[in-house]
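The annotation active site, proton acceptor is assigned in Swiss-Prot to HIS137. According to Swiss-Prot, the active site annotation covers GLU211. Per Swiss-Prot, the feature hexadecanoyl-CoA binding site maps to HIS137, ARG175, GLU240.
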Amino acid sequence: MIAGLKGLKLPKDPRSSVTRTATDWAYAAGWMAVRALPEFAVRNAFDTGARYFARHGGPEQLRKNLARVLGVPPAAVPDPLMCASLESYGRYWREVFRLPTMNHRKLARQLDRVIGGLDHLDAALAAGLGAVLALPHSGNWDMAGMWLVQRHGTFTTVAERLKPESLYQRFIDYRESLGFEVLPLSGGERPPFEVLCERLRNNRVVCLMAERDLTRTGVEVDFFGEPTRMPVGPAKLAVETGAALLPTHCWFEGRGWGFQVYPALDCTSGDVAAITQALADRFAQNIAAHPADWHMLQPQWLADLSESRRAQLRSR
């Protein structure tokens with residue numbers, strides 16, 4: 001999917017096409033402005049914006065999500081955590097806008113020193129069956145992808161189609177410029193699952209954002225003690241191809257980055273629901289360790305959906 005934009009709701013009225021065009025223009029302007037300004041000026045502007053949006057409690061859904069992570073009522077989520085979370089989210093977008101013009105070789109050398117668990121990825125590729133890296137929306141996953149391209153070549157991911165098409169294409173062009181192979185979730189020449197299986201059988205790497213799928217295709221899991229749904233794609237790919245399913249986590253360390261690849265999950269049972277639950281458990285441990293860097297501003301749990309939406313999910 002297009003990282004960070006899943007769940008974007010645009011008005012369904014005659015003006016929606018105008019709104020979508022304006023959204024596209026806004027992202028285009030952001031890309032140009034952030035690249036043109038000095039880093040310190042951009043950082044100060046984004047951090048000021050985060051502090052502004054954190055005033056008066058910050059976004060309600062973000063507060064609800066962090067409350068689950070901390071195990072407290074929403075009102076008890078500390079205001080400094082809300083501010084830090086919004087600053088982290090702003091930093092992600094700031095780096096997205098600047099990443100295409102940064103020195104990727106230099107960045108990769110810097111990241112070589114901080115990425116943990118690379119032996120798990122190396123072992124998966126040495127086995128010749130490919131690797132599925134499954135990540136939550138935390139830290140800067142695009143930065144991790146850039147490193148992966150520099151060290152292991154192109155990997156394959158999937159993007160949800162956005163509207164307008166020009167905005168979707170803008171993000172596709174951005175990620176392809178970093179060396180990613182991006183498959184459309186819908187509307188492609190071949191089903192993405194078929195192509196992903198083919199890549200894995202060729203001992204390639206597949207990367208998927210994997211902690212949220214509030215649709216009928218998602219499988220129900222326990223996440224921080226409450227039911228939600230997560231995508232079955234990572235588990236199904238591992239079962240179908242024999243590829244290693246490697247939970248992966250990204251976070252920020254000061255002005256640097258933290259990345260960790262974890263041991264492969266046991267997929268020998270072929271039980272997609274159980275494997276996805278194991279993935280959810282790993283995600284929960286990592287998000288709890290770095291709550292400010294989990295960029296989830298949309299509903300994550302079934303309890304936060306409307307009754308009509310929950311009824312639709314139950315009617316599958």
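Glycine too: its Cβ is placed from the backbone N, Cα and C atoms.
On the structure: features taken from Swiss-Prot.
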residue: ARG175; record: hexadecanoyl-CoA binding site; Cβ contacts under 8 Å, 6 or more apart: ASP142, GLY145, THR157, ALA159, VAL182
residue: GLU211; record: active site; Cβ contacts under 8 Å, 6 or more apart: PRO136, HIS137, PHE223, MET230, ALA280, PHE283, MET296, GLN300
residue: GLU240; record: hexadecanoyl-CoA binding site; Cβ contacts under 8 Å, 6 or more apart: CYS197
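In the three-state DSSP scheme, ARG175 (hexadecanoyl-CoA binding site) is classed as helix. According to DSSP, GLU211 (active site) sits in a coil region rather than a helix or strand. When Cβ atoms from all protein chains are considered, those within 10 Å of HIS137 (active site, proton acceptor) total 24, not counting its own.
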